[in-house]
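Student: Quick one: this structure, given as structure tokens, is what I'll be asking you about.
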């Protein structure tokens, strides 16, 4: 099986890059039956069965490479866990680095692993969307991903009809257009986190 997975948290602006890549990839292309698209979100260790089942694994994620925002880098095979753990931006990266290491320990690890990572611009805007430079990077990342999946026998074919909501691997009510259109104002919703879980003045 070929697995293409986007990881990250769409609630924290550019950290949602990986999930938005998978969302766009599925909206744009149909694939051969052996290709599995996964919205990995921040599930961490719960994703291990996808990794163990994959003969080839493609990962999309926002990665702090220390480069200009929007810069894409493609990392392969044994270097992938190192980059996921080098400059952790959130807990999901720690979790997915562990997923890869545990899959190796079980002896069920993909023959090939490729990470398409993008340098984020903004990570501290709760409820925010991708910045403009990241949206442009999604387009490039998706095409690079489709080319790779084609080489892996995934046979991407442009969709001739709109993807039905029930078929979406991402959460329909968090789809990019709707997410941006329905975001409440700063006055109505805190921009630095969920107020229900923030310390209150005594």
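For all residues, glycine too, the Cβ spot is worked out from N, Cα and C.
From Swiss-Prot, for reference:
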- 15, 61, 92: Ni(2+) binding site (BINDING)
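Walk me through where these features lie, including what they touch and how far apart they are.
Tutor: In the three-state DSSP assignment, the secondary structure recorded for residue 15 (Ni(2+) binding site) is helix.
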Student: Near residue 61 (Ni(2+) binding site), how many other Cβ atoms are within 10 Å of its Cβ?
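Tutor: I get 27 for this one.
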